[in-house]
Amino acid sequence: MSGYRHPRSSALDCILSSFQMTNETVNIWTHFLPTWYFLWRFSMLCSTLDFLTESYTWPLLVYLLLICLYPFTSSCAHIFSTMSDEARHICYFFDYGALSLYSLGCAITYGSYVMPDCWVNSWLHQHFVTIAICNSLFCTSMSCYSRFVELQFPHKSKILRTAAFVVPFLFDSFPLFYRLLSCCWGSCSPSEALASHSYHLLFAFLTCFLFASHLPERLAPGRFDYIGHSHQLFHVCAVVGTHFQMEAVLTDMASRKDWLTSHSFLPSFLGTMGVLALGILLNLAIIGTFSAGLPRTPRQSTSASSGAHLHQE
């Protein structure tokens, strides 16, 4: 209800607003600072792993690149979204595209390191990344489309946008669900990796709940405008969940290396970096298509009316 920036800010004004208290300030920093944490972890792993020549590490390389990309893109979207109505939409198109690519990176990594033993070399394992590419395109297309119906049908827009991200998450997580349920049934012994995977899933569900529910601000409108609203909380849950996911992936990668390399095919350059390049190109094409469909004529807007959507992104 308060704390909005001017809806026609310059790029410099947007950057300077990151150091002023608005209802976007915490949104910006809760993803900008984790970007540097993930970059630091990436640099540390570069000193211990051979990403250039050891193909077994290539899925991890794709994953690490994307967990650095998605929070940085989100932070930039929150910074520059008040330059204009058109800029706001394009900023969040790129935000959605980065999250979509992150889901693809998760699928590449899960298919290489996390797949249950009994699923290795199955039809699903062989086509896991291919289906994930389709999910990524669905995610970007549906989330971008949801912005076009947001004003006329806000409830429908929310459902479409939530579904756009839930579908890839559920698909990527099928191997995890199976492994966790197998342990609950006594078919496996608990491990450090599964504990981290469990924490990741917990924070992922919290992220979805906060995004969809708009708690706590819906219970006390105006009280959480600057600090404590759901978008800030789901940013925090998302990056904490990604941290646990990274730890789980690293544990699975190390502990299962001998078994996986002897029972499954090694990752290929085309199946990792090639898929990433294809995903980037296709998602950029989708973003370009939706950006071209935006109205070009400036519309009258007040700070409150234009800003009213920013908290919902």
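First residue shown is number 1, and so on along the chain.
Cβ from N, Cα, C; glycine included.
As given in TrEMBL:
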- His78, His231, His235: Zn(2+) binding site (BINDING)
- 60-80: transmembrane segment (TRANSMEM)
- 92-115: transmembrane segment (TRANSMEM)
- 127-148: transmembrane segment (TRANSMEM)
- 160-181: transmembrane segment (TRANSMEM)
- 193-212: transmembrane segment (TRANSMEM)
- 270-294: transmembrane segment (TRANSMEM)
Count the other Cβ atoms sitting within 10 Å of the Cβ of His231 (Zn(2+) binding site), across every protein chain shown.
21
Considering only Cβ pairs within less than 8 angstroms, which of the stretches 92-115, 127-148, 193-212 has the most against the transmembrane segment (160-181)?
127-148
Restricting to the same chain and to residues at least six past its boundaries, which positions have a Cβ under 8 Å from a Cβ of the transmembrane segment (92-115)?
56, 59-60, 62-63, 65-67, 69-70, 72-74, 76-77, 81, 125, 128-129, 131-133, 135-137, 139-140, 143-144, 147, 164-165, 168-169, 171-172, 175-176, 179, 197, 245, 248-249, 252-253, 256, 260, 267, 271-272, 275-276, 279-280, 283-284, 286-287, 290-291, 313
With neighbours defined as other CB atoms within 10 A, the best-packed of the binding-site residues His78, His235 is His78
